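Undergrad: Reproduced below are the annotations present in TrEMBL:
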BINDING   87, 155, 184, 244, 245  FMN binding site
DOMAIN    93-137  domain 'PI-PLC Y-box'
ACT_SITE  117  active site, proton donor
C-alpha cells in the first residue's frame, strides 16, 4: 500500500535535471564492472560528460537485508560527479519502488531502468532486454520507479530479435511519461555484432515527436567521440548522445576541442586510476585486483613500446606492481630519448 506522503512524492518530481542540460548533451554509458566511482573520476579528469550513470545495480539485491552489501560499491559516488543517475535492473515492480526511494535519499539526480542488457542469464529471466518481451511488466516497473520522485529514464534496444519490433516497443515506452529514452540502436539478438542502425534515427525521432514530445531522446551505438556525436545531433536533431565502448579507445572522447595526447598524459591517467582504486578499495572490496586489467588497454596504446608494456601489466597482481612497471618504462623511455653519450 502506497502512503499519502509517498503519493505526493511521486506526483511532485524532486528536480528534473534533464531539462537543464545543454543540447545536445553527452553521457557516459552505464557499463558493467567499468563505470564505477573510480573510472568515472578518471573520465572526469580526461574530459567530463554532461551526465554520468552508475554500473547496473540489481534491485532485488538492494532490497535484500544481506544483498545490500554486495551492491554498495556500485552506488558509491561523490558530489562532483553530479548529475549522476543510478542505473537499476530487475523485474519486480515492488523492488523498483523501494529502490527508487532509496536512490532519492542517497542523493542521485535520476533513476534509469535497464531494459537493454543482452546477457543471456539476464534476459532468460525476463530482465534487461528480456523486458522487451514483457511490455506490461515494463510499464509497471516504470510507474513503480516514479515513487522516489526522481526523473525516470529508460535505456533499451530496438527490439529483442528483429529490428522491425522497434516501432511498437518504443511507442509503448514513450507512452509511459519518462524523462529520457536512450536507445541502443541494435536488437538484443544483434548484441554489438552489426553496425548500429543510424538509418532509423529520423523515424524514431518522428515517433517521439508524435507520441511524447516532452521525453528527451538519446542515441547510443557506434559513437566514438563528441565530434561524431555533434554531427549526429545536428543531422538528426536528437537531444543527447551516449558514448560507451568509444571510451575504451579514447579516454578523452568527451573532449570539446580534440587534440593529440602524449604517452605521459595517458600513463598519468592510469596512475590516477591506480590511486583512486586504492582510495576506494574499501567500497570496492568484493572486486579482485585483476578486474583492473581490462582498463590497461585504455591508457597503454598508440605509443612506442605500448604493446610490450601492456603485456607486462597483464601479469601484475597489485597496484604497486603496476606503478613499478610504469616507473621503469618511463625511465627507459627517457634513457632512449637521450641517446648514447658522446
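Including glycine, each Cβ sits where the backbone N, Cα and C put it.
In terms of burial and nearby residues, how do these features look in this structure?
TA: In the three-state DSSP classification, residue 245 (FMN binding site) falls within coil.
Residues in the domain 'PI-PLC Y-box' (93-137) partition by DSSP class (helix H, G, I; strand E, B; coil) as 27 helix, 6 strand, 12 coil.
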Undergrad: Would you mind pulling the longest C-alpha to C-alpha span across 87, 155, 184, 244, 245, which the record has binding FMN, in angstrom?
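TA: Largest pairwise Cα separation, rounded: 17 Å.
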Undergrad: Among the binding-site residues 155, 184, 245, which residue has the fewest other Cβ atoms within 10 Å of its own Cβ?
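TA: Across 155, 184, 245, these binding-site residues, the one with fewest Cβ atoms within 10 Å is 245.
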